[in-house]
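Novice: This structure is in structure tokens; I'll ask about it shortly.
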Amino acid sequence: MTVRITSAEGAPPPAGDNQHPAFELVALHKEFGGYAAVKRAHLRVRPGSFYGLVGPNGAGKTTLLSMAVGLQRPDEGRARVFGIDVWEEPERAKELMGVLPDGLAMPEQLTGRELLTYLGRLRGLDRDTVDARADELLAVLELTGDVERTLILDYSTGMRKKIGLATALLHGPRLLVLDEPFEAVDPVSAVVLKGILNRFVASGGSVVLSSHVMALVEQLCDTVAVMAKGQVVVEGPVAEVRGGKTLEETFVELVGHHTGGEKGLSWLSR
Amino acid sequence: MALALIQMKFAVLRRDLSGPRATWVFSGAVAGLAMAASTIAMATVDAPDLGTVRDLLAVLFALWTLGWMLGPVATGQPVLRAEQFALQPIPRRRLALGLLGAGFVAVTAVVSLVAFAALLVFGLRLGTVPALVSVPALLLQLTLAVLLSRLMGRLFGALARSRVGAVLGAVLTATMLVVASSGWIVFSALDAVLRTGFSPVFSTVVRALPSGWGAVAVEASARQDWLMTGLPLAGLVLLPAVLWVAWNRSLGPARWSRPTVRGSSADRAAPRGRASLSPTGAVYAKELRTYARDPQRLQSLIVPPVFAVLSALVPLAFGSTVFLPFMGALTALMGAATCANLYGQDGTALWLTLQTPGSERADVRGRQLAWIVVFAPLSLLLTAAGIAVAGQPDLNPWALTATFALLGGGAGMVPLVGIAQLTPGPDPRAAKNAAADHSDVAGQAFSMLFLALTTAVPALCVTLAGHLLHNPSLLWAGVPVGVVTGWVAYAMLGQAAHRNLRKRGPELLFLMRTGKQQQQPKPGQAGASFSKTLPVHRQCLLWISFLAGCIALFPQALVPTLMKLSGHVEPLWFLALHMRPEWQWPTVFLMYTIGVLAFTVAARIAFIAIKAARAA
């Protein structure tokens with residue numbers, strides 16, 4: 001079903017880390033009471049790639065990414081991080097990944113710094129490393145000063161995304177998987193987040209993010225996959241996928257035309 | 001509008017009666033109807049003075065009303081809440097009417113109506129006029145109960161927003177729990193009461209409480225005392241009217257905002273001490289901070305000791321100090337029950353544990369450690385104080401054994417029950433302004449009480465053996481055995497808990513995200529719950545036999561055994577002790593047999609169902 005524009009598919013690559021895709025999802029499938037939320041979806045993310053997963057609401061992006069990082073058990077299929085199976089060797093795979101899920105809770109009664117200290121120690125990092133990294137992350141993400149003593153419970157949505165990104169970066173992962181990292185984030189905070197992600201990719205890391213803001217994906221990503229109705233309908237370099245048009249136009253074409261929004265609602269006109 | 005709300009509630013009720021909660025609703029209804037039937041039975045008892053029956057009904061109605069007031073503590077906020085309609089242009093009065101009407105559409109209301117029909121039975125017994133008086137009286141009593149319940153819900157909701165309020169709410173909850181659970185003392189002495197009536201003071205108090213007004217009116221109308229008929233009835237109209245106004249007002253915008261809790265400053269964020277450097281230490285430090293900052297957790301911390309102390313004080317009124325040494329053990333037991341849903345309270349924050357390689361063990365151990373550190377000093381202190389005050393040296397080995405065994409057993413069961421029976425609720429941040437908006441944790445708390453108690457049985461058996469054989473060293477050996485079984489429970493149940501967490505982590509996260517169990521579990525895989533493969537009537541049988549087993553084995557067999565052996569015989573509601581002396585031991589053994597049989601039936605149903613679920 002997937003239209004591949006690059007020649008990424010083929011024989012399995014030889015051993016050696018950079019030979020493996022940074023992230024590879026093979027035929028991931030999930031049904032909820034007979035409704036297939038994700039239908040045997042494939043994705044392949046090159047090391048060093050900034051990869052965007054776009055799709056309308058309900059396309060199955062969150063379910064796909066949750067299965068891929070080990071938060072939701074798939075019915076079928078595999079997910080590999082640098083060749084390591086997420087469901088067979090979760091501990092090795094999760095060392096390499098940093099994850100930011102959308103809309104999940106945190107230990108709400110901690111401050112940002114307390115959370116990072118807690119997670120650092122939970123991961124077995126030594127005290128000085130944790131303190132130094134927490135300092136740097138909080139400074140870069142502007143979560144110090146007035147908000148130092150604010151509990152995460154009282155964080156705004158933007159601050160939540162920032163502390164979420166900090167938890168994903170804390171252990172120095174090689175792959176970031178971010179579900180809607182820019183959802184409800186103000187433009188100023190968005191600039192900060194984009195800066196961090198661009199630096200991460202520039203230094204050799206790989207990023208996968210999901211979004212339904214096309215402009216953002218066009219601006220940040222080098223590769224894009226479009227998801228609709230549980231399937232990945234197209235995957236490839238941004239320029240090739242959009243092919244002379246804007247990504248938004250291509251997206252609407254791929255996902256299907258809707259004429260809604262022009263007819264009906266007559267009571268709204270005065 | 002009001003009608004639409006009532007229809008919505010009917011829809012919710014239909015879903016409850018056909019959904020996965022049906023078993024709970026059904027068993028609750030059966031238990032409730034049994035209690036309602038005994039309430040009606042009380043209206044038919046013979047007594048030389050009908051005033052005694054009236055007082056008896058007043059006591060029962062007070063207990064039912066108290067039950068309604070306590071409801072919101074156990075079951076969380078009602079399904080339909082004012083906040084959900086905040087953006088609709090609905091006049092507040094209509095909203096109040098609708099929400100109140102919806103309050104009547106509930107299994108509990110039907111059960112209570114049956115119970116309150118005792119007033120009609122009492123009226124019919126007295127004549128036509130009292131029967132006519134009883135009908136409005138019983139409807140007004142039910143309205144009063146529903147209104148009080150709704151208002152208590154608002155009050156607890158408002159209190160739970162701050163830490164000070166949470167402490168107040170905890171004390172209030174514990175007090176009401178003690179009063180409600182002490183109600184049975186009245187019925188333990190029913191024979192004497194029926195002969196001589198209640199003491200004048202007690203009788204005045206229960207008649208003065210609004211819950212007794214209906215009974216007063218019905219009885220007075222039989223004596224053609226129209227003043228005492230009219231006055232309580234007028235009160236039953238006026239009081240709900242006042243409460244109605246208060247209910248109306250309580251639906252308005254919140255009067256005070258939630259006080260903000262502040263975390264630690266930058267240089268104090270990292271917990272000190274070598275222990276906190278380990279992953280388990282990190283979880284432990286996080287948990288202690290949560291106990292100190294979260295009003296809900298604080299409430300879990302305050303209810304147990306207050307409940308234990310008050311429970312021990314009530315028998316003091318009858319000159320009995322027998323419960324004092326057990327305050328500590330009761331604190332540990334209640335502590336396990338109030339913390340039964342630790343994982344559910346944290347909501348979807350579980351994802352961080354799942355995403356951190358190999359952190360499940362640290363997560364469980366850290367929580368256990370924090371629970372012990374929070375509850376052990378309280379329990380030990382209360383046990384020591386109780387022993388010192390009671391001055392009953394023969395109870396000391398029992399109290400110490402129970403305290404140590406329950407502290408370990410509680411610390412073991414808290415994560416295990418929390419994971420195995422996780423009750424999903426709203427995510428903490430969704431409920432931050434409505435902290436009382438938690439899930440219905442009553443079932444989980446009850447099973448925790450039972451399971452934590454079972455962990456203490458082996459050690460108490462040693463104490464019992466020592467007592468039976470008049471062997472002081474064996475009697476005291478129970479204490480170190482309690483320490484050992486406590487330690488074993490802590491270690492082994494904790495291990496079972498983190499294995500369970502590792503195995504079912506994604507399924508638990510799904511449950512917390514959606515409030516639903518994962519569909520179509522793979523055969524043989526954990527999460528294949530037999531509750532889905534088992535037909536409802538088998539499930540009911542399972543729970544009824546389990547409950548019957550608990551009642552027969554513990555209060556009806558074990559407690560009378562202990563009482564007979566210790567010589568402190570208080571018949572209360574222990575059937576065996578009401579029998580003639582020569583029949584007492586046979587009755588106790590009959591109860592042991594019934595208990596074991598009932599448990600065997602329950603285990604067999606569960607075993608077959610689990611096998612079927614595996615094979616499916």
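Positions of Cβ are set from backbone N, Cα and C atoms, glycine also.
As annotated by TrEMBL, region 'Disordered' applies to B:256-276. Annotation comment: TrEMBL describes B:21-44, B:56-74, B:95-123, B:129-152, B:164-187, B:324-344, B:369-391, B:397-420, B:441-468, B:474-493, B:540-563, B:583-610 (among others) as transmembrane segment.
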Novice: Could you give the number of helix, strand and coil residues in the region 'Disordered' (B:256-276) as assigned by DSSP?
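Specialist: DSSP classes over the region 'Disordered' (B:256-276) add up to 5 helix, 1 strand, 15 coil.
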Novice: Hey, does the transmembrane segment (B:324-344) touch the transmembrane segment (B:129-152), meaning at least 3 C-beta pairs closer than 8 angstroms, sequence gap 6 or more?
Specialist: no
Novice: With an 8 Å cut-off on Cβ pairs and a sequence gap of 6 or more, do the transmembrane segment (B:324-344) and the transmembrane segment (B:397-420) reach 3 or more such pairs?
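Specialist: When sequence-distant Cβ pairs are counted, the transmembrane segment (B:397-420) touches the transmembrane segment (B:324-344), since at least 3 lie under 8 Å.
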Novice: Could you tell me whether the transmembrane segment (B:540-563) and the transmembrane segment (B:474-493) have 3+ CB pairs under 8 A, leaving out pairs under 6 positions apart?
Specialist: no
Novice: What stretch of B:56-74, B:95-123, B:397-420, B:583-610 shows the most Cβ pairs under 8 Å to the transmembrane segment (B:21-44)?
Specialist: B:95-123
Novice: Where, among B:56-74, B:95-123, B:441-468, B:583-610, do we find the most CB pairs under 8 A to the transmembrane segment (B:397-420)?
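Specialist: Of the candidates B:56-74, B:95-123, B:441-468, B:583-610, B:441-468 scores highest.
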